[in-house]
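Asker: Pulled these features from TrEMBL for this protein:
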type: DOMAIN; residues: 114-323; note: domain 'TLC'
type: REGION; residues: 326-363; note: region 'Disordered'
type: TRANSMEM; residues: 21-41; note: transmembrane segment
type: TRANSMEM; residues: 80-99; note: transmembrane segment
type: TRANSMEM; residues: 120-144; note: transmembrane segment
type: TRANSMEM; residues: 249-271; note: transmembrane segment
type: TRANSMEM; residues: 291-310; note: transmembrane segment
Amino acid sequence: MRRARRKRNKSYPFFSQEFLIQNHADIVFSLVIFILIGLMFEATAKTAILFIQPQYNISTQSPEGEVTLYQYGWRDWATILFYFFITIILHAVVQEYILDKVNRRLHLSKSKNTKFNESGQLCVFHLVSSVWSFYILITEGYLFHPSSLWENYPHVHLRFQVKFFYLTQLAYWLHALPELYFQKVRKEEIPRQLQYICLYLLHVSAAYLLNLSRVGLVLLCLQYLSEMGFHIARMFYFTDESHQKMFDVWAVCFVFTRMVTLTLMFLAVGFGLARAENQGLDWDLGNFNTVLIRMTVLLLVCLTQSWLLWKFIRFQLRRWREFRHEQASRKRAAAKQTPRPLKRDSRESENGASPRPKKIKAP
């Protein structure tokens, strides 16, 4: 699935840098087909299923009947790798069939084009992830019973949709690292994108490995909704710079998300887990409910939220300065275009002669 904006009449040597960049989706698609073909043969089916289906499933009895639950383990890396390939293919599909077509109509500059593509890709991902996580919160009952976020910890056994959600999240954010190379992101933009990619990987991995999957689902849903609002506002701004109101709506959602995130973390980790009976560290049971780990998790979340708030304040100050500068420029331009009124005598208007100076009476 080659990118539509490349020159199709130009070919590059095999395995050269340009060849890999332009054909990376086709190469990955071939690997996915190779794994799927492995399901057709008995000798390779057991190996191929490791890449496609989540592992470590157990069957338990419940009032609803037999239920299949899942744990995590080192074989999850095979599943993450497979969906890592899938996300690269989907990334190329969105880029070629949606974003590239929009870019050709907008005629954006190179820098705006890069940011527009970034926001477009993240908009699609945040939309799918927020709807998916909200659906899980509803079906699992976490939204209507907030105490279930910390009760019966550790939450070692996960339903299929919960484990699959976390595996795809890790696959997406891991795929974002090579996409910096495939999309030829400018060197000035790489540190900024690496920051939020690594932060997402850190937080999603911590929630998955520390068995805080329920709290993580709520926080990810809120975060993705907030980020989706920002990227939608930025895409509208690139199409027309007069669209500024959506940034104000996003600002309200951003502050609300930060408040709810901090409140929920202190409620679930700081108070809920602190009062739980099973205190201590137990690797076999997946119990990480110790004072040190709880304080580390809270510190990590607080530092991340503080950093996001600092970036938010800087962004709002920059917008305010640009708005003031634009208003001042408009006033100066309006003042230059407005002609100064000239007072002329009626006799001057009739015969063109200059008016006589008036005599000033002495005091």
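Including glycine, each Cβ sits where the backbone N, Cα and C put it.
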Asker: Take every residue in the domain 'TLC' (114-323), average their pLDDT values, and give the whole-number result.
Answerer: 92
Asker: Taking contact to mean 3 or more CB pairs closer than 8 A (sequence separation of 6 or more), are the transmembrane segment (120-144) and the transmembrane segment (80-99) in contact?
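Answerer: Yes, since the transmembrane segment (120-144) and the transmembrane segment (80-99) share at least 3 Cβ pairs closer than 8 Å, they count as touching.
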Asker: Residue list, the transmembrane segment (80-99) vs rest of chain: Cβ under 8 Å, 6 or more residues beyond ends.
Answerer: 1-4, 24-25, 28-29, 31-32, 35, 51-52, 116-117, 120-121, 124, 167-168, 170-172, 174-175, 178-179, 182
